[in-house]
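To start, the structure under review is shown below, and the notes come after it.
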Amino acid sequence: MSRVAIIDFGSQFTQLLARRIRELNVYSEIFPHDIAFDYIKDSKAFILSGGPKSVLDFTGMPPIVHDIIELNKKTSVPVLGVCYGLQLLSNYFNSTIVHGCGQEFGKAILNVVKKSEMIKDVWKVGDQPYVWMSHADSVYDTPCGFEVIACSVVNNAIAMISNEERRIYGVQFHPEVYHTPDGVKLLANFVRIAGCDNNWTVESFLDEQENLIKKQVGDKKVIAALSGGVDSSVAAALTYRAIGDQLHCIFIDNGLLRYNEAEKVRQSFVDQFQMPVTIVDRSSVFLDKLQFVTDPEQKRKIIGKTFIEVFEEEANKIGNVEFLMQGTIYPDVIESGGSVGKESVTIKSHHNVGGLPDIMKLQLVEPLKLLFKDEVRLLGKKLGISDEILMRHPFPGPGLAIRIIGEITQEKVNMLQAADEIYINLIKKYNLYDVIWQAFAVLLPVKTVGVMGDSRTYGYTCALRAVTSSDGMTAECFPFGVDLETKIIFYEFLQDVSNTIVNNVQGINRVVYDTTSKPPATIEWE
């Protein structure tokens, strides 16, 4: 399978660049700029990403750029520089880079002045297409051996260059963002120029990964901590398809999960897939250790430590286990700095099993570590996993422990589980679940006076949270950013959910809605 290697110089859009290439059914992979070149020199094409640094600040060209250009000199392997990547290429080929002069942020209009294979069937000479810019430095003059393909209408700054003979291209704008309408078409031209195979599909990944799991594991036993979330569920289904009963899934009920979670996991995996899952109820153990604890970080540590103790105890009952399966996905690998070819590789562990590979001396099986979240969901569909699991909202590792503000008791857990179940079910009834990125209820350590019938009540306050987001890094309170009709429906929904919770959950007599964005707040309360 041919690969487009994306060299990451720190752009916030690097993952998006990889996704756009994969949407063209071409396999792309992100590598840090300090990777050993031998690991990637067999790539079909190279893309130099954008980044926050300035070419004017370093004293020498990054070695990876020199290696790629030298390879191109011998083989004409295609190279594309995006934003900072363009400036790196231009600097390498003796162009002048200037700061401040020609800077642009946001929407921009180009003048197309020359033909290029990069713009074939997309733009023609004389066109003035919209693109999206985000740069303070600019390329002042044409690099040696290159031609200018497009300039900015506003300041005539160089926006696109090409060396057709050597198949080296550079763009000052970001083709990977949706604000550049023709960006994907330009990237499609680049992979066409490179002669990349269009065979990166969920089906091809499934077949290949199944064989890789069989080869890695052989006849040995594999254990997995099943959480009921998207990633661990898809990873477990794929691994079970590959090795069958050699996989031993353990689901630990810590008493802080969503309502009836253990039963839902049993129905999904035991009933649907006939996959053996050991369901271990240790609710009392976790709740006992959390008694009188109010600090959220202390809660997390206690839950993490107790989880490892329980998981290790259950794993030892199986015996002779050599592998641990984890639902690590590609963004986890990238964000933790892990990549092939680096001197030290740190893989982000599952929130509850961090440290287990070292403690139990297990080898890792990570069947999803090359997939983005949307690809994981597509794979899950191919494996027959229900939308009930695949489209679930994110749920924190410590569970309801960080949604019960203050001390945790069984009574509070019961109240919050009931309130949250009502909230989520009504969200689905109003057809809002798929347009909300994450929604949940929070139990506050605040009691207020209320009236029910002719009696005075003194009960807890429940806060509702619902946000829209693309990646969880930033978030807006729902229903900002949606149409007026949805907003009207949402206000009707809030009245409905408030009344339903207060009338059906004993101990809660007031419901409030959290309207804070991230930043300044975080999505979770603790």
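Every residue gets a Cβ built from N, Cα and C, even glycine.
Feature annotation from Swiss-Prot assigns domain 'Glutamine amidotransferase type-1' to 3-199; the stated evidence is sequence analysis.
Residues annotated as active site, nucleophile in Swiss-Prot: C83. A coil conformation is recorded for C83 (active site, nucleophile) in the three-state DSSP classification, outside any helix or strand.
Reduced to three states, the DSSP call for H174 (active site) is coil. Within 10 Å of the C-beta of H174 (active site) we count 24 further C-beta atoms, all protein chains included. Swiss-Prot lists H174 (among others) with the feature active site, giving sequence analysis as the kind of evidence.
There are 26 other CB atoms within 10 A of the CB of E176 (active site), with all protein chains counted. Per Swiss-Prot, the feature active site maps to E176 (among others).
Residues or ranges marked as domain 'GMPS ATP-PPase' in Swiss-Prot (evidence: sequence analysis): 200-392.
When Cβ atoms from all protein chains are considered, those within 10 Å of D231 (ATP binding site) total 20, not counting its own. Residues or ranges marked as ATP binding site in Swiss-Prot: S227, G228, G229, V230, D231, S232, S233.
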Additional residues around ATP, ordered along the sequence, whose Cβ is within 8 Å of the centroid of S227, G228, G229, V230, D231, S232, S233: L226, V234, A235, G327, I389, R392
Per-residue pLDDT averaged over the domain 'Glutamine amidotransferase type-1' (3-199), given as an integer: 90
Candidate recorded positions E176, G228, V230, S232, S233, pick with smallest Cα gap to C83 (active site, nucleophile): E176
S233 (ATP binding site) versus E176 (active site) - Cα distance in angstrom: 30
Rounded distance in angstrom between the Cα atoms of S233 (ATP binding site) and H174 (active site): 35
Inter-residue C-alpha distance, S227 (ATP binding site) and H174 (active site) (nearest angstrom): 37
